[in-house]
């Protein structure tokens, strides 16, 4: 069981040097030690169809040959023994032949085994199959500090008193009558993942006897094997020179076309998983995770982590946690909406609006818009009440607290996952410098304080100048967004008059709603078009900054893309929430754009209905489009590839494709990794929290979308994408800071929405100061009598400007031309000393709005900080488990070493080589 760092063949010793950046290029072909490798199926059901590991072991013990199915399933070399750990793809017509030859010679020198196969449909495409023998895996696992299981975990049950034991028995007997938890996965279906029930330690060849090794071929799982091979490939030279090293550079310069680990076979099976078990882990993931039939069940996160790695596992863990936390938010939001429906008949404001047949409102646009009765907006008043009612303020406070609770409990959940997945003590390796950075600054060097080696250096002045140019580019693109919003504003101003003069009565009578609806759809199209432009600009600006490492490049690109898309998606919403109808002036003295177009006014029932339409339409269309692009686009591409193959070679050739060619025909994972998945969810989180006071159904829509999103992403990873390289991560990275920023912004925006956009504050001021209950300390519906009349001002029609005077004189309402009309504002009547000046009620409402914003923000921020303080980042039981595990590991390592020394002592005594004073 001892792993050696050198292999002996025909009496000659070949030393495998540990890889470093300054390793010499080897031009002689060195053959690695043959170590047969089998399928990683030791954790599958006994009834599965491909438990080739056990079969191979039995056949080898009996001196038989390896089954032919190993040779034909595309997961092994031609001998059927060595499993393929990694695939490289290139074209024979590619001019970089010399670089590849040197690179492949050095691959063999490191001990990796290699085979080549040509494509069945294109002889120009060559697949390079790589396999890592046990000696190579052990050597590099020790260098990479890969943690492996070495002792089963011991679970201690706390001592319980007899009385508590009796209660537990009664509870367990009662639970037998209850139905089983439907959301949990069937334990018989999932394999027993051994490493989750074992203590782990960094692998060491000197202490290999401490680790649980039932079979060397399955000790390292497939994801770990691929990660080790990728680590080796990243440190192999392909040309003379200090920086001519690594697979990434060969992929960048086109020497290789693709590089990926293999999927573990087909994700489908003719037999049921319940009767025959899973064919492989990919099939198991498809049935228990990516299938639509299990949409209501928990995710098998341990299996996802084992197959795709910790980084992707953390994404799905975060997405599942976010979706689960949306349940209470969606329930409360639905309750607020239902509360509005229940109290609709008792709402005094909507009653007065519906009964106000004698109140004539002024036209909302120049010339073509007619006078209208206030009662004509009865439907809009009722719809507004569904979203703007007494429970809205409570819901806004709840969502602000919810965002904090979500983030704080995610930190605790992440800590538990990090403990279970052995990420607590994991630290990222010193990252390699990006090739673009090296090429740009190769002439200037300085010593790296960590490695002590010279590396390219970017001067501070050069870095600052590049950051200034990048910031200027960001500012310019934000100005482009503002210009697009300005264009939408002009469209709304021009179109409302056009729709008011439309021939169809339906559109003419609902000109404002038609204007808002079409403006939102056009705005969505502009958003999608600008997103394409923003991605190119963000890429250009990030490359202009010349980040030193890949993580710095990724963080810079992430911030730019989030900023661009956030501003692009929410700029129109901010305009409707805080600017629409606020700076229009009043009849007779309207404010105009370029002294031509009159600014758009709110509907007589308020601007909240416009904000609800904006959020609802954008949210639904955005999520629908994202889901199509995530799944529909790869499906169409893969279908088109299969169609071309069938047309050229016939449908029967599809069955004979080996696994590497099937995977090559799948779509590669996004070049930016999980960026698009995180960005979509973070933008949705912003929509769910920032303007939730205006649209309480946003959490419900987000919940429904995320239930679908989890299965869509799972289906995409399992069936439509090549298997990504398993990589490690401790958390979700820069996205957590962005989530915290959105949580803070949501408190501010919701305070302004309640104070400015909704009518909550004007109604409160009227109830306590001007209504029938003034001075009594009450604010019920009876105190709102007369509110509608008090919130409308009077305008004399003869004071209209010539370009604003309507074509109709309003005689259709009373038979005689109208003299006065009403509009939403707190202004003096035309016959007062200061015509159309602000009333005292206006200043009272303004002061109350400002006071509410200050009190709301301070109160909610205090609650958020209190919750953050009270909820520890690390659960107490987890902290105790970590301390006890550390103690037990030390004891186990000591006992194992003591046992080894005792065995050696006994062997010496048997051989007659015992020494006096030997310890122990």
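Here the Cβ of each residue, glycine as well, is placed from N, Cα and C on the backbone.
As stated in TrEMBL, the feature transmembrane segment covers range 732-756 out of the listed 657-681, 707-731, 732-756, 757-781.
Taking TrEMBL as the reference, the stretch among 391-410, 411-430, 431-450, 591-610 described by the feature transmembrane segment is residues 391-410.
For the ranges 360-382, 613-635, 682-704, the feature annotated in TrEMBL as transmembrane segment maps to 682-704.
Proximity of distant same-chain residues to the transmembrane segment (562-583), defined by a Cβ-Cβ separation under 8 Å and at least 6 residues beyond the stretch ends, is recorded for 474, 477-478, 481-482, 484-485, 488-489, 520, 523, 527, 530-531, 534, 537-538, 591, 599-602, 607, 610-611, 614-615, 618, 622, 679, 682-683, 686-687, 690-691, 694, 738, 749, 752-753, 756-757.
Regional average pLDDT for the coiled coil (884-918) in the model is 73.
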